[in-house]
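> This is the structure, below, for whatever I ask next.
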Amino acid sequence: SSDKPRPRGSVGQADPARPPSPHLSAPAWRGGHQRPTRTPKWRPRVTRLSCRRRRPHRAGLNATAAAAPLRPDAAWLRFQLGISRDGLYPRGSGAVEQLLRDMRLLSTVSAGERPRPLRGTAGISPVFLTAPAPPVLADYSQDEKALLGACDCAQIVKPSGVHLKLVLRLQDFGKAMFKPMRQKREEETPEDFFYFVDFQRHNAEIAAFHLDRILDFRRVPPTVGRLINVTKEILEVTKNEVLQSVFFVSPASNVCFFAKCPYMCKTEYAVCGNPHLLEGSLSAFLPSLNLAPRLSIPNPWIRSYSFDGKEEWEVNPLYCNTVREIYPYSNSNRLLNIIDMAIFDFLIGNMDRHHYEMFTKFGDDGFLLHLDNARGFGRHSHDETSILAPLSQCCTIKRTTLLRLQLLAQPEYRLSDVMRESLLQDPLAPVLTEPHLLALDRRLQLVLKAVRKCIEAHGEDKVVANDTAQAETPASDKAKPDG
């Protein structure tokens with residue numbers, strides 16, 4: 001009888017009383033009802049045993065989450081309220097350090113689901129508060145929408161099998177973007193790979209956050225490495241049936257999942273635990289778009305994203321003159337911020353910066369967000385100098401940026417040494433291999449060489465923009481609790 005107790009087993013254990021049917025999806029086993037669905041001839045799915053184990057665990061977590069009020073001192077909330085026109089967080093931010101610890105240690109309470117209204121938010125300024133109610137799908141990336149079943153998920157798993165990512169909610173109501181490991185640290189991107197089909201690397205996201213902080217940009221959301229138990233911390237806490245249906249057990253008895261796409265539901269593009277633990281990066285969420293709107297703007301130095309096409313900047317050395325005539329690059333700090341971003345991308349080897357985002361609240365002079373850095377740190381043996389085109393063509397750089405780069409070129413503050421020490425704080429250390437760390441020093445010298453060449457051609461006064469005397473950020477341009 002189906003009411004008799006069953007012995008506990010691993011995920012993927014077959015039910016001898018009910019052999020799995022290739023025409024039944026995982027939810028069809030619940031309650032003993034067989035519901036025919038239109039599915040492929042064979043599809044990996046979660047067994048009845050795993051569904052039985054999931055229900056009480058998930059119910060308990062959801063009951064706890066529903067009863068717990070939002071704490072105003074939650075690290076993710078303090079991080080979001082601390083965003084100003086100077087950056088995502090102030091120097092030496094205690095909230096960021098606590099947020100990194102929370103993302104590393106706190107339990108997950110949901111995965112791949114829409115956020116719900118939060119309790120206990122009275123008295124908190126809504127300027128940078130993540131509590132959309134009702135949920136706004138526009139607040140999700142294309143990848144998130146796809147896992148929610150809201151749109152085509154062509155951007156999750158491309159034919160090259162690049163990547164998938166998943167939204168996790170932690171027990172303090174904070175959200176984080178989980179990017180699983182797809183490539184080992186010692187592996188380099190093959191020479192024949194185009195940049196737009198390259199793998200995305202979880203360790204690149206972690207290293208990019210540390211480098212961004214060392215450069216004093218503070219434009220990458222806090223990111224930390226974590227070992228996730230995909231069974232207990234994703235499968236058993238999610239109520240999203242689409243996400244549940246893409247879990248399966250591999251021939252090696254590892255628990256895996258993949259992105260569900262209209263044309264690409266293939267297990268060879270899955271990510272797998274060992275057997276349950278999966279390494280990945282967790283990046284803190286930015287404030288909700290309906291509370292802190294952001295613009296997504298095409299990069300003037302965007303690449304062609306085709307096999308043989310070229311953009312104008314790749315063939316016209318005077319391209320920057322055209323850019324300077326276009327607002328807002330004509331009379332604001334936007335162009336200088338673009339060059340900061342190009343230097344950052346060159347150091348990490350990221351050729352995939354087709355757009356950039358910025359908060360509308362801070363106007364045209366606001367900082368640019370350095371998001372989606374997972375295609376960095378792919379080839380330590382190659383320096384893609386075309387990434388520096390904004391610097392070499394426009395021949396201008398912020399004085400503060402130049403001073404920081406010159407400092408990190410000194411033997412006592414060598415960039416590779418500072419990065420190595422910073423990355424040791426991450427739970428997944430070593431995050432980068434030694435060749436990638438040494439490549440940072442080599443590329444830094446190439447950046448400084450490009451600046452020297454510009455100064456020789458145009459003079460220091462024309463090249464180095466003085467931004468050291470900027471006024472302190474007004475209180476009105478900071479998000480903080482009312483009162």
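From the backbone N, Cα and C atoms, a Cβ is placed for every residue, glycine too.
Annotations per TrEMBL:
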REGION    1-45  region 'Disordered'
COMPBIAS  32-45  compositional bias 'Basic residues'
BINDING   LYS179, SER283, ALA284, PHE285, LEU286, GLU357, ASP372  ATP binding site
ACT_SITE  ASP352  active site
BINDING   ASP372  Mn(2+) binding site
> For ASP372 (ATP binding site), list the number of other Cβ atoms lying within 10 Å of its Cβ atom.
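So the Cβ neighbour count for ASP372 (ATP binding site) comes to 23.
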> I'd like the number of other C-beta atoms within 10 A of the C-beta of LYS179 (ATP binding site), please.
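The answer is 26.
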> Sorted by position, what residues of the same chain at least six away from ALA284 (ATP binding site) have a C-beta under 8 A from it?
TRP76, PHE79, LEU99, MET103, GLY174, LYS175, ALA176, PRO221, PRO222, THR223
> If you count other C-beta atoms within 10 angstroms, which of the recorded positions ASP352, GLU357 is the most crowded?
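Comparing the recorded positions ASP352, GLU357, the most crowded Cβ belongs to ASP352.
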> Please report the Cα separation of LEU286 (ATP binding site) and the residue listed as 'active site' in Å, rounded to an integer.
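On Cα coordinates alone, these residues lie 21 Å apart.
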> For SER283 (ATP binding site), which residues of its chain lie six or more apart in sequence with Cβ-Cβ distance below 8 Å?
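Spatial neighbours, sequence-distant, of SER283 (ATP binding site): ALA176, MET177, LYS179, GLU205, PHE209, PRO221, PRO222, THR223.
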> Including all protein chains displayed, how many Cβ atoms other than that of LEU286 (ATP binding site) lie within 10 Å of its Cβ?
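A count of 22.
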> Measure from the CA atom of ASP352 (active site) to the CA atom of PHE285 (ATP binding site) and give the result in Å, rounded to a whole number.
21
> To the nearest Å, how far is the Cα of ASP372 (ATP binding site) from the Cα of ASP352 (active site)?
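Rounded to the nearest whole number, the Cα-Cα distance is 9 Å.
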